[in-house]
Amino acid sequence: MYKMEYSYLNSSAYESCMAGMDTSSLASAYADFSSCSQASGFQYNPIRTTFGATSGCPSLTPGSCSLGTLRDHQSSPYAAVPYKLFTDHGGLNEKRKQRRIRTTFTSAQLKELERVFAETHYPDIYTREELALKIDLTEARVQVWFQNRRAKFRKQERAAAAAAAAAKNGSSGKKSDSSRDDESKEAKSTDPDSTGGPGPNPNPTPSCGANGGGGGGPSPAGAPGAAGPGGPGGEPGKGGAAAAAAAAAAAAAAAAAAAAGGLAAAGGPGQGWAPGPGPITSIPDSLGGPFASVLSSLQRPNGAKAALVKSSMF
């Protein structure tokens with residue numbers, strides 16, 4: 001067992017020390033302690049009893065027994081604790097608020113970076129280190145620049161694709177609108193006019209008056225140079241060119257008159273067929289040329305046969 005060799009803890013010396021102390025100062029310093037006089041009620045039996053009455057602590061006097069001397073013997077429990085443990089959180093907040101200064105690239109650096117980016121979008125570590133050494137930057141800054149540049153490139157590609165799709169949709173919409181307009185115009189042109197009169201007859205009425213003389217038309221018998229069967233028209237080459245021209249004009253006039261008469265008898269154009277041809281009474285004798293023999297053969301008493309032959313010829 002350890003022996004306590006603190007001589008000032010002797011009962012007589014302790015009582016004399018406590019009697020000489022100013023308890024008011026002790027109470028004011030430590031408010032939680034009621035009074036130091038309570039310690040006098042405890043009896044301390046020292047292990048060593050070799051101290052005599054004259055062997056008390058001569059250095060402990062009422063003047064020297066004070067709060068300071070007792071406090072010196074107490075060891076501070078926070079002596080080994082570092083100072084930074086009890087610092088406030090203001091320093092941590094300041095460190096969090098401190099951000100890295102934004103890197104500002106020069107035009108020469110950007111030019112060199114863009115040149116390498118045009119060659120490859122994903123440079124390896126050796127290329128990045130060489131480029132960083134060349135343009136006086138760190139490899140980390142070069143790597144971050146390439147990451148941002150790739151993101152910008154992808155964004156530009158998406159914007160270009162969206163613009164191309166919008167332009168394509170706009171052109172297709174315009175084409176469809178123009179085709180619809182053309183179709184509507186064609187539909188309007190093909191629709192008949194509901195407010196107008198009857199349209200033209202798709203099957204025009206054939207005019208039979210020119211071939212054999214229509215009903216009501218003048219007969220070519222009265223034409224100059226015409227003659228009966230016994231007249232002088234039997235000689236084919238006698239009229240000459242003037243007579244042939246006059247006969248042709250007379251025949252044209254007769255055909256026009258016959259056509260007009262046929263239309264009048266039918267009640268207007270497109271209302272019905274013209275009446276059948278009337279019998280041919282006579283044919284001008286002055287018509288010469290290669291058809292003279294045919295025309296002379298038509299001058300026969302049988303009018304029905306002559307009309308049939310002439311209608312088949314024309």
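Every residue gets a Cβ built from N, Cα and C, even glycine.
As recorded in Swiss-Prot, the features of this protein are as follows:
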DNA_BIND  98-157  DNA-binding region
COMPBIAS  162-173  compositional bias 'Low complexity'
COMPBIAS  174-191  compositional bias 'Basic and acidic residues'
COMPBIAS  210-240  compositional bias 'Gly residues'
COMPBIAS  264-275  compositional bias 'Gly residues'
REGION    162-246  region 'Disordered'
REGION    259-289  region 'Disordered'
What average pLDDT is reported by the model for the DNA-binding region (98-157)?
94
Give the residue counts of the compositional bias 'Low complexity' (162-173) per reduced DSSP state, in the order helix, strand, coil.
12 helix, 0 strand, 0 coil
When DSSP states are grouped into helix, strand and coil, how many residues of the DNA-binding region (98-157) land in each?
43 helix, 0 strand, 17 coil
